[in-house]
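Q: After the structure tokens below, expect a handful of questions from me.
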Amino acid sequence: MTHWPLDKFHGGIHPPENKSQSNQGNIQYPPLPKRLIVPVLQHAGQPAEPCVEIGNYVYKGQLIAQNMTAISASVHAPSSGTVTAIGPAPYPHQSGEPYLAIEIHTDGLDLWQEPTPEINPSTLTSAEIFHIIQQSGIVGLGGAGFPTAIKLSGKIMSGIDSLIINGTECEPYITADDLLMRERADKILAGVDILVQLTRPKNVLIATEDNKPEALASMQAALGSRAYQVVSIPTLYPSGGERQLIKILTGQEVPSGSLPIDLGIICQNVGTAEAIYNAVVLGRPLISRVTTLTGTALKQPMNVECLLGTPIEELLEFAGLDKQQLSKVIVGGPMMGFSLGNLAAPVIKTTNCLIAGTAQEFPSPEAALPCIRCGECEQVCPSNLLPQQLLFFAMGEQHEQLKAYNLPDCIECGACAYVCSSKIPLVQYYRAAKADIRQHEQKMAKAEHAKQRYELRQERLRLEEEQKAAERQARNERLARVKAAQEQAAKQEAQQAQSTGSISDDELKHLKIAASMAQVALRKAEKQLALHDTEALQTQVASLKDAAKQAQDALAAAQAQLAQSWATSSPAAAPDEALKKAKIQLAMRRAAVKKAEKAETDEASLNSLRQALQQAQQQLEQLNQTHAKASSTENTSTEQKTAAVPISDAMKKAKIELAMRRAALKKAEKAGASADELTQLQLALSEAEKNLAQVSSPNNPG
Amino acid sequence: MYLPPKSSPHTTNKSSTQNLMLRVILATLPAFLVSSYFFGIGPAINVALCIIFAVSIEAFIVSLRKRPVSYALKDGSVIVTAVLLGLALPPFSSWWLVLIAIGFAVIFGKHLFGGLGQNPFNPAMLGYVVVLVSFPVAMTSWPAPQTVASSDALAHVFLGTPWLDAWSHATVLDTLKNNHSLTLHELWQDYPYSGWISSNSSEWINLAFLLGGLYLLYKRVFTWHAPVAMLLALALMSLIFWNGSGSASNGSPLFHLFSGATMLGAFFIITDPVSSATSNQGRFIFGLGVGVLVYIIRAWGGYPDAIAFSVLLMNLCAPTIDYFTRPRTYGQRKAKRGFNPGDN
């Protein structure tokens with residue numbers, strides 16, 4: 001519903017209208033240009049992709065660049081002719097940079113590909129209409145150039161609240177929509193009918209400013225029995241801004257960061273409505289538009305229906321350009337348009353006005369004076385911002401403050417700069433600040449990404465380190481297992497070979513080698529540690545120390561076992577041999593102890609070696625005794641045998657426990673248990689290992 | 001053909017800072033004429049001295065700051081400061097008093113903070129307060145209307161010939177403040193210069209400032225918010241605390257509106273956009289604060305008039321007021337207010 005009486009937006013200005021120069025005559029048709037420069041980007045969004053090649057003949061209205069992405073619009077040949085170039089060409093943009101365009105040399109025939117019959121849109125489904133609009137390259141012709149199909153997709157499916165047809169044309173100088181409404185009201189309304197069919201709005205509001213009485217009358221006359229409201233709103237810049245117009249007509253404000261469709265409102269320009277009529281009913285894609293040619297450097301200001309791609313200079317010459325007088329050409333209105341760098345640039349879909357201004361009309365800007373905070377800008381801001389505060393924050397690059405003072409809600413209408421008594425180019429500051437903020441945010445996003453990457457890398461390195469540590473531990477465990485197995489094997493052998501008294505010397509050798517290797521590794525690591533004192537090395541040394549100790553222990557245990565086995569083995573079978581062996585053993589142990597003492601082995605292993613030595617001595621003594629007693633000692637072996645039974649039982653138990661613990665640890669590791677749980681399990685495992693070692697140690701009574 | 005680019009908008013209106021300043025100076029003309037009627041060449045000498053000193057000092061400071069002198073002077077803001085201070089100082093003030101006041105205003109009030117647009121305090125009021133506090137006798141020696149001959153006055157201003165008692169007159173605000181025994185009726189009967197509401201000169205000068213102020217309001221040099229709020233607050237305060245016409249009377253609302261520097265303050269001092277609050281609502285609050293403070297100091301403070309002190313005190317509050325009076329931007333659910341950016 002129209003909010004009645006009409007609402008107001010904050011501020012607004014009344015710049016000199018300068019519309020009467022160009023709205024006196026009818027819409028003119030300039031001659032067909034020899035050369036058309038058709039850029040592939042004539043709208044807001046992504047460029048279309050050329051689908052013709054150099055040398056191709058194209059018909060009028062033939063697709064020459066296809067919209068490939070979501071926010072894009074197709075481009076069609078404005079006239080028939082030959083494609084002569086595809087590449088960077090002059091482009092109407094603030095930057096003055098060239099842009100990819102398709103150049104067509106027209107053949108003067110202006111040939112359509114094939115005649116299409118007029119279609120009655122009521123026979124089409126919504127999907128078909130939508131498809132036609134999408135394929136016809138239609139964009140908002142008010143100046144922003146947003147692809148129309150996108151505006152008409154999404155939330156509109158369930159029907160909308162209001163369809164607003166924007167014929168306000170609030171910028172000074174521009175009269176294109178004015179003339180269009182005067183001359184082609186029926187076509188505009190036919191286009192609106194199609195939009196209504198597509199969006200099923202509850203209300204249709206056609207708005208124009210009250211400085212266009214002829215256009216208003218023409219629209220009202222063409223209305224017929226349609227239930228659309230044609231609303232005349234007070235002339236005030238920038239009433240034609242989408243958000244401002246919605247506020248005026250409905251009293252609603254489009255929330256910051258939202259779109260009109262979120263309120264169930266769609267705004268379309270009157271020119272867009274006509275383009276939709278042309279596309280759907282006549283089958284003609286968007287290849288021309290009405291553009292205002294004005295400014296005091298033109299002898300005959302006028303409105304023209306011109307082909308897209310027509311070089312701007314040709315158009316201005318058609319309107320009687322006086323090059324001596326020309327000081328600047330503005331594309332769009334004087335409030336929001338941009339000054340053109342290159343007159344060879346073509347007219348594109350968004351070019352609603354070309355102002356050829358003289359130096360008197362658009363004097364070069366005066367030097368700006370300091371802001372005195374007079375607040376006039378604040379009085380006129382249609383977004384109700386505080387432009388003077390924004391200026392200070394923009395100059396100080398205070399991005400947080402700029403955002404807190406809602407810089408993103410600035411529509412860059414230029415009202416503040418228009419009234420500024422210090423002639424400060426405020427909008428320029430805001431644009432720069434917005435670009436700065438965008439850039440800064442991109443940089444921050446990049447930095448955040450880099451940080452995440454770094455953290456992930458650190459995590460990866462940590463995991464690798466952990467894995468290595470786990471592998472080390474696993475190696476040690478394996479070693480311990482081997483040791484245990486060897487011990488067991490030695491024991492069994494000892495038991496089996498009680499009579500023979502032979503223990504596997506090979507195993508002992510292996511253990512010795514392992515122990516000495518561990519010692520060597522430890523030395524090496526200690527040297528490294530002395531050179532580079534890092535945490536990693538420290539832990540490595542510690543673990544190596546453990547490993548060395550374990551190896552030594554294993555060796556000592558094996559030797560002790562060997563001694564025991566000798567002690568328990570029956571000397572009767574080969575008493576001489578046993579005696580010999582024991583002697584050799586004793587000597588070896590002595591040497592080992594000496595060596596260990598020299599090598600400054602830690603006390604525990606030294607002790608165990610000494611113990612082993614002692615045992616060997618005892619053994620030897622025993623052997624000597626038994627040798628002397630000879631036959632009388634035959635029973636001792638059987639006694640020893642029975643004594644061995646409970647030991648092996650306990651060992652079995654310990655082994656089973658160890659295996660269980662190991663399995664539990666593995667399981668937990670697989671299940672991704674927490675570090676705490678894992679260490680607990682590991683502790684339990686090592687305890688079990690210790691148990692087993694104790695049980696299997698022949699010195700142990702249990 | 002190369003055409004130099006420029007960001008939109010490509011057109012601006014005719015307003016300019018120089019124009020603005022010129023209008024303010026123009027608007028002081030009625031008060032200047034009325035004041036000259038009462039005090040002869042006194043106001044003219046004050047204003048002329050102020051302008052000469054101010055422009056010279058500003059030129060000197062600007063060249064010290066290595067800025068283009070003509071560019072800094074062309075905005076005319078220093079002349080506005082000089083004219084307002086010249087009108088605020090007692091007529092026939094000694095030249096050195098004027099120099100100290102305007103020197104302090106321009107150097108300390110304006111340029112030490114960065115020049116035009118950067119000063120937190122109203123420069124004219126800062127200069128005024130410095131001499132008021134430093135030279136209270138000279139600053140309260142208002143000449144009796146139409147008594148001092150031009151030659152005597154010139155001799156006093158430039159050669160320092162002593163001020164004659166016969167020349168002085170106690171201002172109405174002074175008289176009221178020092179009255180402890182008479183009813184108002186008796187007081188004003190004895191007072192030689194009384195007019196309808198206040199003293200004869202005071203009420204006419206205030207009316208002239210009001211006229212100039214209305215012209216500026218009409219020309220949209222400033223919005224109505226600050227002056228209306230100040231006058232409203234002053235009127236309301238004097239109405240609330242109006243204790244009749246006995247010897248302890250604080251004076252009627254009309255008396256306060258048309259005495260001292262009320263209208264000068266309301267239309268020419270607190271409307272200084274630089275040192276005032278920035279939004280319409282903020283300026284309203286700023287004006288209210290000045291009005292309330294003026295009454296408090298006049299009624300219960302140590303000084304008979306209080307515009308300068310009140311303005312400086314509210315200048316201090318202006319940034320804080322700004323933080324809490326931001327308007328609601330289009331499309332925002334509510335206004336963001338508070339000290340921290342992003343606070344809601």
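One-based numbering along the chain as shown.
Just so you know, glycine gets a Cβ as well, placed from its N, Cα and C.
The following feature annotations were taken from TrEMBL:
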- B:THR171: FMN phosphoryl threonine (MOD_RES)
- B:20-39: transmembrane segment (TRANSMEM)
- B:45-64: transmembrane segment (TRANSMEM)
- B:71-89: transmembrane segment (TRANSMEM)
- B:125-144: transmembrane segment (TRANSMEM)
- B:224-242: transmembrane segment (TRANSMEM)
- B:254-271: transmembrane segment (TRANSMEM)
- B:283-300: transmembrane segment (TRANSMEM)
- B:306-324: transmembrane segment (TRANSMEM)
Q: Between the transmembrane segment (B:224-242) and the transmembrane segment (B:283-300), are there three or more C-beta pairs closer than 8 Å, counting only pairs 6 or more apart along the chain?
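A: When sequence-distant Cβ pairs are counted, the transmembrane segment (B:283-300) touches the transmembrane segment (B:224-242), since at least 3 lie under 8 Å.
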Q: Would you mind checking how many other C-beta atoms are within 10 angstroms of the C-beta on the residue listed as 'FMN phosphoryl threonine'?
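A: Other Cβ atoms found within 10 Å: 20.
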Q: Could you give the residue numbers and ranges of same-chain residues that sit at least 6 residues beyond the transmembrane segment (B:306-324) on either side and whose C-beta is under 8 angstroms from one of its C-beta atoms?
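A: Long-range Cβ neighbours of the transmembrane segment (B:306-324): 88, 120-122, 125-126, 128-129, 132, 260-262, 264-265, 269-270, 275-279, 282, 285-286, 289-291, 293-294, 296-298, 337-339.
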Q: Are there residues at least 6 beyond the ends of the transmembrane segment (B:254-271) whose Cβ is under 8 Å from a Cβ of it, and what are they?
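A: Residues 24, 27-28, 31, 84, 87-88, 122, 124-125, 171-173, 176, 197-199, 202-203, 205-207, 209-210, 212-214, 216-217, 221-222, 226-227, 230-231, 234-235, 238, 286-287, 290, 294-295, 298, 304-305, 307-308, 310-311, 314.
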